[in-house]
Each structure stands twice: as C-alpha cells, then as structure tokens.
Amino acid sequence: MGDQNGNTSFAPDLNPPQDHVSLLPLNYSYGDYDIPLDDDEDVTKTQTFFAAKIVIGVALAGIMLVCGVGNFVFIAALARYKKLRNLTNLLIANLAISDFLVAIVCCPFEMDYYVVRQLSWEHGHVLCASVNYLRTVSLYVSTNALLAIAIDRYLAIVHPLKRMNYQTASFLIALVWMVSILIAIPSAYFTTETILVIVKNQEKLFCGQIWPVDQQLYYKSYFLFVFGLEFVGPVVTMTLCYARISQELWFKAVPGFQTEQIRKRLRCRRKTVLLLMGILTAYVLCWAPFYGFTIVRDFFPTLVVKEKHYLTAFYVVECIAMSNSMINTICFVTVKNNTMKYFKKMLLLHWRPSHYGSKSSADLDLKTSGVPATEEVDCIRLK
C-alpha cells in the first residue's frame, strides 16, 4: 500500500463495473485487468510470489519495529523535555509522527493483506479507504518535511540572518500537513472494494481506487500533478539547497583566524549536511523506481502488463519505497540525535525507587538541563 496515485487499471471485462477504471492502491494497476488469466495458475501460488511475500513480510515487520519503536521514543522524549524542542527537531517530529502512524495503523493491515491473506481484503470499505488515505498522507508529509528541513538548513547556513523563527516554523508545519491532507483526498474518495476472479472459481476482494473510465484523463493529470509537486519539485529543490550549502561549507574561505571551536563547528555542519544528503539520496533511490514503474504502467501499459511476474515485481518495488521510512527513522532518531539519552533518563525517572521521592525528578531535570538537546560532537546541533 504505497503511494496511492499510481495504481490504475482499465479493463471492463472482469468483475469491476464496465464504466469504471480500477485503481488499486494495494498494488493493482493500470493494466492489471488486461492480463490474460490462466485458469490453472494463481499468481499468489507461484514461487516468485512466495519469495516476494517473504521480502514484503520482512520489510513490513522492520517498518513496524523500527518506525514504531524509534519514532515513539523520539515523540515521547520530545514531549517530556522542552530542551529537545529546537526548530530542527520540531520539523523532524513531523516525519516521526507520520511514520509512527503508518507503522502502528497501516502496516498491520498491509501485513494481513500481502502476507496472510495473499492479496485479499477482509476489513470493510471504511478501513480500506482510511488505511489508504493515511498511507498517502504520510508519504506526502514525509516528503514535505524533508523539504522543510532542507530549507531550514539552507537558511541557517547560507542566510543565517533570515533563519526561520518558531512562528514561521509553526506555520510551515501546519502547511506541510494541510497540503498533504488535501492532495491525498482523491485516494480516499475513489477507494472501494472490488471482487476479482484470479483463477477459475476463485475470487479475491481487492481494496483500491475505482476511477470512472471517462475520468482517465483526470486521473493521469492528477498523478502527474502529484508526481511533480511531491517528488520532482521537492527533489530538485532539496538538491539545489544542499548544493548551495556544500559550496558554502567546502569551497568558501572563512575570513579571520579560525579557532578550534570554529573548526569544530564547521566539521559538525559538514557531517550534518553529508547525513542530510545521504537521506535525500536514499529517498530518491527508494521512491524513483516506484514512480518510474507507475509511469510506465499507467502511460505505456503494453510494455509491462503482459509480463507474468509484473505484479510481483511491482509489489517488491513498492516495498522498497515504503522502507524509506526506516532509513529516515534510523538516521534522524537513533543515529545522530540525543533522543535516546533523554528517553533512558525518562525511564530511569519513572522506575526509580519511591524512597528517592520528588528529589529524583528535580535532580534529573537539573542534570539534563546541562546536556545539549543536540550535541555538536554528534553533528546534529544545527544552529
């Protein structure tokens, strides 16, 4: 259940109504209904699909574990300690919240759909639409949050006097969610359940978007709009931001005498920018195959839909795209952040023996107040 925009199918010869286009977010697509059905073979029973099912299951389990636990730790620590609430962490919190919701709400249903029931939806229309909508919103929030972080870094390093304040950041965060929620509305509006005959006398209930056949042009226009606004545009903008930042940090001479503190700050900023560029690269590598596959499938369907294992390949490509949330969580929450230290202190405070009384809480807050929320040596203090 990845990006919901690219899954569409035009074939009125099966169970879906003949005046509709089936757009199946749970990985059914433009030419799915055009594939000749073999009465003797169910694609879900092939060895290729079995192998893909294992890969998908492992990936979904990883997302639930890494994104569920990691982002919960980050959110809990951020809620408990005000010192963690700098501009950068507030922007990262958008990623954490969206990925956490997907990990605990969407992934269990996806595990049931892909792995347990092997492409059959058994949870009703409301959950079908809700899960797909939440998954789509999460993708757009993640993309827009990464873009906001890149802009924040650009302003902080290239134009430090113009850096965002908390009021501007709050407006930007609200805009990130508002845009994501609005753009994803079609994924909920057009989502329904569809019964398909996979092999003779065998049916599966698919959860997906059903676009009227006379709205094919609208669907394609909508997909291209989202592709430009939520992939091409952000990637180009982030690339330009980090290119300009790199020029500032690596190729611009620093005037005056460089103290050890200045050199340390410069090294820290360089490492941070390298981390952010790595995250951008991972985002492109994870999502470019999915968008590319979707474009070929929706605009040049004859190139792929006759391939026997085309659907299985699409599931794997989508699985790779979904796994990007794990990379974000590992990089932002567990690798280069002080969040784990604060979370451990919070647990220590909670489980501390009662005879220490209220003093333990005061002592803990006093001690943590001297620990930077984002350490220079860890290269995540970005001011």
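Cβ coordinates come from backbone N, Cα and C, glycine included.
Predicted, not measured: the structure shown is a model, and the values here were computed from it.
DSSP classifies CYS207 (disulfide bond) as strand under the three-state reduction. The annotation disulfide bond is assigned in Swiss-Prot to CYS128-CYS207.
Residues or ranges marked as N-linked glycosylation site by Swiss-Prot: ASN7 (among others).
Here Swiss-Prot flags ASN27 (among others) as N-linked glycosylation site, drawing on sequence analysis.
Confidence across the topological domain 'Extracellular' (1-54), taken as the mean pLDDT and rounded to a whole number, stands at 50. Feature annotation from Swiss-Prot assigns topological domain 'Extracellular' to 1-54 (among others); the stated evidence is sequence analysis.
According to Swiss-Prot, the feature topological domain 'Cytoplasmic' maps to 76-89 (among others), an assignment based on sequence analysis.
When DSSP labels each residue, the topological domain 'Extracellular' (111-136) comes out as 19 helix, 0 strand, 7 coil, counted as helix, strand and coil in that order. According to Swiss-Prot, the feature topological domain 'Extracellular' maps to 111-136 (among others).
Residues or ranges marked as topological domain 'Cytoplasmic' in Swiss-Prot: 158-170 (among others). Long-range contacts of the topological domain 'Cytoplasmic' (158-170) within its own chain (CB-CB distance under 8 A, at least 6 residues past either end) are made by residues 87, 90-91, 152, 244-245, 248.
Residues or ranges marked as topological domain 'Extracellular' by Swiss-Prot: 192-222 (among others).
For 244-272 (among others), the entry in Swiss-Prot reads topological domain 'Cytoplasmic'.
According to Swiss-Prot, the topological domain 'Extracellular' annotation covers 294-312 (among others).
The annotation topological domain 'Cytoplasmic' is assigned in Swiss-Prot to 334-383 (among others).
Positions annotated as transmembrane segment by Swiss-Prot: 55-75 (among others).
Using a Cβ-Cβ cut-off under 8 Å and counting only residues 6 or more beyond its ends in the same chain, the transmembrane segment (90-110) has close neighbours at 1, 26, 60, 63-64, 66-68, 71-72, 74-75, 78, 123, 127, 131, 134-135, 137-138, 141-142, 144-146, 148-149, 152, 166, 169, 172-173, 176-177, 325, 328-329, 332-333. Per Swiss-Prot, transmembrane segment is recorded for 90-110 (among others), and the stated evidence type is sequence analysis.
The transmembrane segment feature in Swiss-Prot is assigned to 137-157 (among others).
Under the heading transmembrane segment, Swiss-Prot lists 171-191 (among others), citing sequence analysis as support. Proximity of distant same-chain residues to the transmembrane segment (171-191), defined by a Cβ-Cβ separation under 8 Å and at least 6 residues beyond the stretch ends, is recorded for 4-5, 23, 25, 90-91, 94, 125, 128-130, 132-133, 136-137, 140-141, 144-145, 148, 164, 207-211, 222, 226, 229-230.
Same-chain neighbours of the transmembrane segment (223-243): 5-6, 8, 139-140, 143-144, 146-147, 150-151, 153-154, 183, 273, 276-277, 280, 283-284, 287, 291, 294-295, 298, counting only residues six or more beyond its ends whose CB sits under 8 Å from a CB of the stretch. The transmembrane segment annotation in Swiss-Prot covers 223-243 (among others), and the record cites sequence analysis as its basis.
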Please count the residues of the topological domain 'Cytoplasmic' (158-170) that DSSP assigns to helix (H, G, I), strand (E, B) and coil.
9 helix, 0 strand, 4 coil
Within 10 Å of the Cβ of CYS128 (disulfide bond), how many other Cβ atoms can you find? Include all protein chains, please.
27
Residues in the topological domain 'Extracellular' (294-312) grouped by DSSP into helix, strand and remaining coil:
12 helix, 0 strand, 7 coil
